[in-house]
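Going by Swiss-Prot, these are the annotated features:
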- 9-16, 56-60, 119-122: GTP 1 binding site (BINDING)
- 186-193, 233-237, 298-301: GTP 2 binding site (BINDING)
- 3-167: domain 'EngA-type G 1' (DOMAIN)
- 180-353: domain 'EngA-type G 2' (DOMAIN)
- 354-438: domain 'KH-like' (DOMAIN)
Amino acid sequence: MKPVIALVGRPNVGKSTLFNRLTRSRDALVADLPGLTRDRHYGEGRTGERPYLVVDTGGFEPVAKDGILHEMARQTRQAVEESDIVVFIVDGRNGLAPQDKSIADYLRKVGRPIFLVVNKAEGMKYSTVAADFYELGLGDPRAISAAHGDGVTEMINEALEVAYAGQPEENDDEKAARGVKIAIVGRPNVGKSTLINALVGEERVIAFDMPGTTRDSIYVDFERGGKPYTLIDTAGLRRRGKVFEAIEKFSVVKTLQSISDANVVILLLDARQDISEQDAHIAGFVVEQGRALVVGVNKWDGLDPHVRERTKADLERKLKFLDFAKFHFISAAEKTGIGPLMRSVDDAYAAAMAKLPTPKLTRALIDAVEFQQPRRRGPVRPKLRYAHQGGQNPPIIVIHGNALDAITETYKRYLENRFRETFKLTGTPLRIEFRSSTNPYADKA
């Protein structure tokens, strides 16, 4: 599982600046899709081969008793409790504040590794910057500049060494034995535990493990139609005998960890409730992570035909950025629609892992350009020459040519749809990257 790093500190110490620096590489991968809802408090970072999740907790007032500050404090405490590492940020320019002491008092009790980070330290001597903060009792402060990047890489590498220590690595045989890893996500009371029980069946549970650490997730291995699958707990499930029950507390952090760990995500919605902002946030994170996706609309049984039509229209309008995914209208309680849902899981996984040969990709690109040329930008018309695959899960198609920075988002979507149609890539996000030739004589060759 990807470790979770919580950024904690009083308001205006630079948490959002550090968050943006740590996650910017991920943000750059995803174009703004129409209707896509993002929650800017959660993101993914990567240092070398080590990915991690980052939570920006907002301004933390640990003694707040009511109002929005109290709610922010509650959310921060939950994020800290579910994190692997806490980065406690203080302001090197303004020095030690009473709020810093209150936060430090709280953090010393949470039982997590704490990295005390003094931000805005650019141009200052370390001894001067650090002096005030030793009295917090959290070890040696680390001086950084989130705005300029000074010291950030060293600090995050040190944090990841601690976070990854002792995490077992699965080999290829172990991954194959697990089969397709599925995360069932959704807000409370949509029927996640009911669907899990319908999928797994009481006698089909091969293994159930609930480790004591917050980092580890519950894996439920099962077979369906002779194929191995692994369900990843996202709800915080409790086992009563042979039946799984949902714990009502909704954990954003665990949901994001499970999405990151999955091969395919089933986003479960409640047909009897409106699509919420929380639903859209979860869906947006699935897209940003590039995960294969199937949408299950639960509690479909017994709905009036007019309500069904209205629900379908609502889904199409509010989740239009999920147009690559299959929607299934099911009843987990009645076990209806589950077979087709699982077939779409298999199809989405196959699409996410598809191998796309360079000759076929290039042929599809040439056919698409012949059917519809990209628009000129001034005197320049982009020239698309060839394409190759740059990755899987999600599929990445790299297109080479000239003046490709003039390609519009509309034309990019057109190419995506052509590639999807040609290679039957349903159920997975698709990334398209453009690489222009830097040779000024390339057009004359």
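Glycine is no exception: its Cβ is also placed from the backbone N, Cα and C atoms.
Structure coloured by features recorded in Swiss-Prot.
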residue	record	CB count, 10 Å
GLY9	GTP 1 binding site	25
ASN12	GTP 1 binding site	10
LYS15	GTP 1 binding site	27
THR57	GTP 1 binding site	22
ALA121	GTP 1 binding site	24
GLY186	GTP 2 binding site	26
ASN189	GTP 2 binding site	13
LYS192	GTP 2 binding site	25
TRP300	GTP 2 binding site	21
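Annotation note: LYS15 (GTP 1 binding site) sits in a helical segment as assigned by DSSP.
Rounded to the nearest whole angstrom, the C-alpha distance between GLY186 (GTP 2 binding site) and ASN12 (GTP 1 binding site) is 32. If you measure from the Cα atom of LYS15 (GTP 1 binding site) to that of ASN189 (GTP 2 binding site), you get 33 Å. Counting only the Cα atoms, the space from LYS192 (GTP 2 binding site) to ASN12 (GTP 1 binding site) is about 38 angstrom. For TRP300 (GTP 2 binding site), the spatially nearest entry among the binding-site residues GLY9, ASN12, THR57, ALA121 is THR57, judged by CA separation. Taken residue by residue with DSSP, LYS192 (GTP 2 binding site) is part of a helix. Here the domain 'KH-like' (354-438) is broken down by DSSP into helix, strand and coil counts: 32 helix, 24 strand, 29 coil.
Straight-line distance linking the Cα atoms of THR57 (GTP 1 binding site) and ASN189 (GTP 2 binding site), rounded to a whole number, equals 25 Å. Distance noted between the C-alpha atoms of GLY9 (GTP 1 binding site) and ASN189 (GTP 2 binding site) is 33 Å. You'll find the Cα of ALA121 (GTP 1 binding site) roughly 47 Å from the Cα of ASN189 (GTP 2 binding site). A gap of 36 Å separates the Cα atoms of ASN12 (GTP 1 binding site) and ASN189 (GTP 2 binding site). Taken as a whole, the domain 'EngA-type G 2' (180-353) shows an average pLDDT of 81 in this prediction.
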